[in-house]
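A quick write-up on the structure given underneath.
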Ligand code: HEM
Ligand code: SF4
């Protein structure tokens with residue numbers, strides 16, 4: 001894991017002191033709300049429906065035991081004993097009092113965490129594949145590049161007042177687990193014919209009111225040119241991105257309006273100016289950062305594990321969990337485990353302080369002290385020995401963290417919605433909970449197979465509904481909660497934006513509607529191995545539309 | 001801020017407490033309560049504006065932030081907001097069980113049922 005250097009430490013503690021002073025001045029009345037609001041937002045403090053919310057950055061989703069325990073302490077001391085993981089690999093506390101924020105930030109700084117650039121029109125937390133450093137299909141670890149981008153974008157003087165927020169994501173594998181094509185800049189690590197490492201660059205992806213898939217602007221960008229090229233993109237955006245209308249201010253709109261060829265031309269022109277400057281990454285610097293992310297010293301093990309095989313044969317619950325939540329590791333005898341934070345009836349992405357501590361203990365004892373947050377609001381233990389898996393499973397089970405449904409219909413992404421969010425039109429959590437209850441039968445879920453269901457409480461699309469195989473969007477219809485369904489979205493390397501299937505459903509109807517869609521899929525799939533998305537792409541939305549609206553028509 | 005239909009008669013004033021962020025309602029006594037049952041109810045649009053103007057002085061006084069009017073109806077237990085958003089705010093918490101170790105907000109008051 002990256003460790004702060006002297007500069008980072010001074011910068012973060014300096015910011016904490018500065019904000020402590022600003023909060024004091026606000027509480028004493030020296031600063032007005034209008035003066036203070038932009039300052040608090042710069043430090044990740046939002047005012048939500050019921051209370052202040054603090055959003056903490058977890059760069060590329062990297063946690064360890066110390067960080068998790070600190071988050072648990074904060075949850076107990078200053079919040080209501082839990083935290084909420086988001087689709088951008090951040091953590092949100094929903095019940096923070098303003099007066100406590102400086103102390104919380106100071107506590108966080110002890111474990112090299114902060115809330116800087118988690119809000120506002122700047123470059124936000126850089127996200128990355130949560131299987132980084134462990135995935136079998138990995139070309140190169142995305143985290144060193146994400147860290148380099150983080151350092152470059154932190155307090156970048158030119159880019160602190162962009163037209164709008166700006167999000168980057170990096171994937172190191174051909175299979176995109178980081179949803180890079182729906183980010184402002186998506187970077188896909190590739191190797192060229194000469195075996196050199198570089199990036200395929202996508203620009204202008206995004207969800208929200210106007211969803212767009214990122215456009216490819218470069219097939220191969222040499223790794224040393226990462227910052228020069230990103231700086232060129234940001235400069236073009238900073239100059240030409242619209243500032244007159246906040247709904248048209250993201251780079252996706254600039255590209256949509258000017259055309260990708262024109263933007264590419266401008267970026268390349270800007271890049272020619274910058275190229276060869278101080279932004280070119282020297283190999284030594286790349287290596288220095290990469291060293292922070294060096295793989296732990298794995299034990300040389302045979303891939304076959306007696307303990308694991310025995311448990312598989314003898315324990316049905318273990319076998320179920322392994323089937324969905326355990327993924328292959330590139331090191332023989334090792335595995336990656338996903339901790340799904342959405343057991344039946346749970347709040348997607350929520351985790352209690354006690355559970356954080358359990359995960360911290362496991363990571364320390366069995367997992368080389370590494371934990372990841374995934375954009376699917378789950379946690380990941382990236383480096384476990386297969387020999388230890390049965391034991392890890394038993395501990396997770398005791399903590400209520402062993403729900404065996406990763407990637408199934410109940411592994412729902414849901415934003416906080418109208419239960420917490422001041423921008424929401426409708427609640428999303430209760431809909432997620434009711435769907436998990438309806439599909440609680442694991443046998444049925446497994447029969448349905450891979451299915452990504454994503455729910456947002458308003459068009460800002462924090463719950464990624466546009467890229468859900470089934471997406472649900474909460475809308476307000478004459479004061480009533482209504483839910484619009486989109487079908488066929490996908491956030492991976494075959495990215496697509498879901499299409500609206502028809503008129504919306506009331507809160508009472510929405511779960512039945514989802515069930516109808518699922519039953520329709522089961523009836524029309526050519527075989528159980530044809531996934532929902534594959535079937536949808538084959539047949540289109542007509543059969544689903546028919547099933548949903550036949551009676552009404 | 002979201003409001004219900006214009007010209008609605010009954011209104012209360014809400015805000016968030018500066019220090020804690022808690023949802024609060026303006027009372028007849030001219031202070032703030034966490035409980036909407038204590039809220040002063042304005043019966044005309046003019047009375048609403050007057051109530052809001054008085055309450056907003058507490059923004060300048062650094063007691064609360066973001067004051068605004070909320071349309072309500074009068075029920076036995078007190079005023080009830082017309083908009084779901086405001087009903088959930090008045091609950092002092094979400095409509096779901098948080099963290100599964102905590103009871104949902106205000107079940108006792110029966111407000112949960114009213115909100116859903
Ligand atoms: C509760 C406080 C939150 C507020 C006020 C908020 C606000 C917003 C707004 C205004 C946008 C649209 C930005 C734009 O298109 O320019 C947005 C987008 C987004 N938010 Fe949130 N959000 C909140 C919570 C969350 C949570 C909990 C998550 C994760 C579950 C999240 C993840 C995202 C993501 C991924 C986008 C990207 C959509 C895009 O690419 O345009 N946000 N948020
Ligand atoms: S999608 Fe809308 S309701 Fe959900 S968290 Fe984002 S802003 Fe709030």
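One is the number of the first residue shown, and numbering goes on along the chain from there.
In case you wondered, yes, glycine gets a Cβ from its N, Cα and C as well.
Heads up, TrEMBL stuff is auto-annotated, nobody curated it.
The domain 'Nitrite/Sulfite reductase ferredoxin-like' annotation in TrEMBL covers A:52-111 (among others).
Per TrEMBL, the feature domain 'Nitrite/sulphite reductase 4Fe-4S' maps to A:119-273 (among others).
Per TrEMBL, domain 'Nitrite/Sulfite reductase ferredoxin-like' is recorded for A:347-398 (among others). Under DSSP, residues within the domain 'Nitrite/Sulfite reductase ferredoxin-like' (A:347-398) fall into helix, strand and coil as 27 helix, 13 strand, 12 coil.
The domain 'Nitrite/sulphite reductase 4Fe-4S' annotation in TrEMBL covers A:410-522 (among others).
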Which stretch from A:52-111, A:119-273, A:347-398 shares the most C-beta pairs under 8 Å with the domain 'Nitrite/sulphite reductase 4Fe-4S' (A:410-522)? A:119-273
Taking DSSP states H, G and I as helix and E and B as strand, how many residues of the domain 'Nitrite/sulphite reductase 4Fe-4S' (A:410-522) are helix, strand and coil? 36 helix, 28 strand, 49 coil
